[in-house]
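I have placed the structure first, in the form of structure tokens, so that the comments after it can refer back to it.
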Amino acid sequence: MALPATMNVLGLVVGVVLIFLMGLLSEVSVELLIRFSVLCKASSYGEVVQCALGRTAKVLSEICIIVNNAGVLVVYLIIIGDVMSGSLHHVGVFDQWLGHGVWDHRRLVILVVLVLLLAPLCALDKIDSLTLTSAASVALAIVFVVVCFTVAAIKLIEGKIEPPKMVPDFSSEKSILDLLVVIPIMANAYVCHFNVQPIYNELEGRTPQKMYRVGRITTVLCVAVYACTAISGYLLFGSGTESDVLTNFDEDLGVPFSTALDYIVRVGYILHLVLVFPVLHFSLRQTVNDLVFEGSAPLTESRKRCLAMTVVLLGLIYLGSTMIPNIWTAFKFTGATTAVSLGFTFPALVALKLGQRGAECLTLKEKFLAWLMLVLAIIVSIAGVVGNIYSLESKSD
């Protein structure tokens, strides 16, 4: 939902190129992670990092997973609040349906969704229990993309869309600061690496080659969905594109059945978030358990601990959603630090370290890609952190 806003900063040409580049590098890093996880017989992200880089690195990687996943789950709740209760400049679905009242109070809406819809799904203790809900979430995301892309195409043909920005703007200090934080935000979109081992562990007839196919299909689907979402969302709303593009869908789209399409897009995507939320929560809970209760029985064998951790984590995530103002603020910090580390830095370091062993030696091409990911990750992290600091100083001034 933040990708259309990144297009507003980067321009269409640079934005699309970066979506494809990030997807390609992410797929390479996933395959390296799978390869060396099998080599180490690791059952989690932290274990493969420990095998290559030691216990300190394992703890650091687990902290990154916790911060990243908690941050993204907070973002999901913020989006739910934005859409159902409205934001500063946009009207919520409940306001449009029922008018203003206690039922559209932002914190109450988020709490009700959390308790009635999210908590029961998050209480499940196996990731394969979420197979059907995950499939449904993908289908809802595709519905969102099809609607947005179709509306944008109709308006483009009718000449109702303002000429889009094609390349970044370097004319002001604010534009340059936005550029520094926008790439880390885009990096968030591809960070799935902490779920690679849990999914591989439960994959029927698992082999590295079969998991590679899973990763490649996923990456192709993600690149297509992200590119279509970013392009169509930016074309529809231009320079007025919000950090959460869903909030823009409270206005007349300039096509027949505009009101119905607005509701389909917003409510459909909220259902998508409800269904995908438990997948990220699963890896968050698992990582917290590995870090805090190291050496104890698996969560699948301790139902009370599983439920207690679920309640505590959902409570903290809810508090975070009431304190962070918007998704751009959350994404730009997690993107520059934890997302880049999990998606690129750790997989590259694992490959370069373990790739020196016997039959698992890296080819020249693989070494080049690993070093490229590592260098780019460092550059993006430094640029993102510096950009965030300057942005905060500018606002305080």
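Placed from the backbone N, Cα and C atoms, the Cβ positions cover glycine too.
As given in TrEMBL:
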- 2-388: domain 'Amino acid transporter transmembrane' (DOMAIN)
- 6-25: transmembrane segment (TRANSMEM)
- 63-85: transmembrane segment (TRANSMEM)
- 105-124: transmembrane segment (TRANSMEM)
- 136-156: transmembrane segment (TRANSMEM)
- 176-196: transmembrane segment (TRANSMEM)
- 217-237: transmembrane segment (TRANSMEM)
- 263-284: transmembrane segment (TRANSMEM)
- 305-324: transmembrane segment (TRANSMEM)
- 336-356: transmembrane segment (TRANSMEM)
- 368-390: transmembrane segment (TRANSMEM)
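Within its own chain, the transmembrane segment (6-25) is flanked in space by residues 164-169, 175, 178-179, 182-183, 185-187, 189-190, 219, 222-223, 226-227, 230-231, 233-234, 238-239, 241, 344, 369, 372-373, 376, which lie at least six positions past its ends and keep a Cβ under 8 Å from the stretch.
At the 8 Å Cβ threshold, with sequence separation of at least 6, the transmembrane segment (176-196) lacks contact with the transmembrane segment (305-324), having fewer than 3 such pairs. Contact check: the transmembrane segment (105-124) against the transmembrane segment (63-85) gives at least three Cβ pairs closer than 8 Å, residues 6 or more apart, which meets the contact criterion. As a quick check, the transmembrane segment (305-324) and the transmembrane segment (63-85) clear the bar of 3 or more Cβ pairs under 8 A, pairs 6 or more apart, so the two touch.
Tertiary neighbourhood of the transmembrane segment (63-85): same-chain residues 1, 45-46, 92-95, 104-107, 109-110, 113-114, 188, 191, 194, 244, 246-247, 266-267, 269-270, 273-274, 276-277, 280-281, 283-284, 287-288, 291, 313, 316-318, 320-321, 324, 326-327, 330-331, 333-334, 337-339, 341-342, 346, selected by CB-CB distance under 8 Å and a gap of 6+ residues from either end. Taking pairs at least six residues apart, the transmembrane segment (217-237) and the transmembrane segment (136-156) share three or more Cβ pairs below 8 Å and count as touching.
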